[in-house]
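Asks: Quick one: structure below, then a few questions.
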């Protein structure tokens, strides 16, 4: 490819504080192992007036997952080496148990354990300890799809990997990372700090320019799924290590970034802690990271030997910034979608009975819709009277049915329009035997509220909103991890006499949790 258009790239970077508003951040572009651009702005701590620099360490959150998998490959070998240990770990399982490779590729079908902490009564700013993580993960008995058939993001996959690695090697993951990854890659200040409450070198902020920016409180202990703290310079060193070892047939990043498939042979979007994407016909590998108050993203284009890194100490869209930086570096112009006028027949709520997942659509203006299906809203471009798509989802409408496809997830669902009013007779206590947790629903002044209770405590009351007959939505926008589960979908079941017998509770991260009415 021709040389990078540095003025265009620099103009984009210098506009980041205006376009991604927040306390501070740091970004870099690396090409052919050399630094093209390295920039920090703003403050690491607003109250202390401590400036952000390329040496400032920040939590890289889920970007840590690739490093956990790197330790697995480097110290132990192929994932199958730990399959018997995983069988012992998930010894309560009733369904087909996933393999360790399924964990590495987010194809396990296990429900995300941070989402499950909500159902077990955790407070968003509560303390979450290592023994509580194992308590939750080892009680699991089922998956929300057959392992190897679909993709679903699951932090617990990598928490389990960390436990298995430490058990197999007899060493801490922190020591293994320092010796086998950080030292060879010259990541001089990178460190695993599992307790988020202990990190105080930089402050992460919740909020925005409307509500203001407030220091985020995090008191969770995570391992394997996240936990590494690193500076921009550390992350640059990782990209340079990737470039130095690119010709090594057994090079660590070549192994991490190798293509993966689903059980049916379809290409998978994820492997060994890395997300696979494409832009302008070029394959990208990388990962994002999020915790309350923090966002980061890295992308690597092996074909052109280009990497982009974005680190924010606020909840801005680091993924968007990193991809736009990559496109600028590659000389890819912004896409210009063709949009059609929205047909009102799109708008409303749609249910897939098999998964209990609900799709909500509303007009976003300009030939676009706001869709709520996963952990956060998606903006869909309407390309025809009965077709719409985003970067993740394609919708095709046929009367009162929408065919939803998420190619990367190997997921195809028939969504049925919800029509009619919801009955108000859902108050009561419900029990999940698998989680040993309760859902309490109450009616106050004609409004329905719900709370979760389990081994992690008793949650606040959350309002419920009707989506259709026997289908309700319970939004949870703050939880121990980020992003939060979003909307929990509650689908109620009745017997022949019309009495409620139970409810299926789920979200994209954790589907199909069955509760019986007590």
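Glycine is treated like the rest: Cβ placed from N, Cα and C.
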Asks: With Swiss-Prot as the source, identify the stretch among 477-487, 488-498, 499-509 annotated region 'Important for specificity'.
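Replies: Swiss-Prot lists region 'Important for specificity' for residues 477-487.
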Asks: Measuring Cα to Cα, how far is residue 62 (active site, nucleophile) from residue 481 (substrate binding site) in Å?
Replies: 11
Asks: Over the span of the region 'Important for specificity' (477-487), how high is the average pLDDT in this prediction?
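Replies: Mean pLDDT across the region 'Important for specificity' (477-487) comes out at 83.
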Asks: Have a look around residue 65 (active site, proton donor/acceptor) and count the other CB atoms within 10 A of its CB, chains all included.
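Replies: For residue 65 (active site, proton donor/acceptor), the 10 Å Cβ neighbour count is 28.
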Asks: Where residue 65 (active site, proton donor/acceptor) and residue 481 (substrate binding site) are concerned, what is their Cα separation in Å, rounded?
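Replies: Just about 15 Å between their Cα atoms.
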Asks: Please list, in sequence order, the residues in the chain of residue 481 (substrate binding site) that are at least six apart in sequence and whose C-beta is under 8 Å away from its C-beta.
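Replies: Non-local contacts for residue 481 (substrate binding site): 114, 117, 155, 220, 222, 290, 291, 292.
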Asks: Tally every other Cβ atom lying within 10 Å of the Cβ atom of residue 62 (active site, nucleophile).
Replies: 26
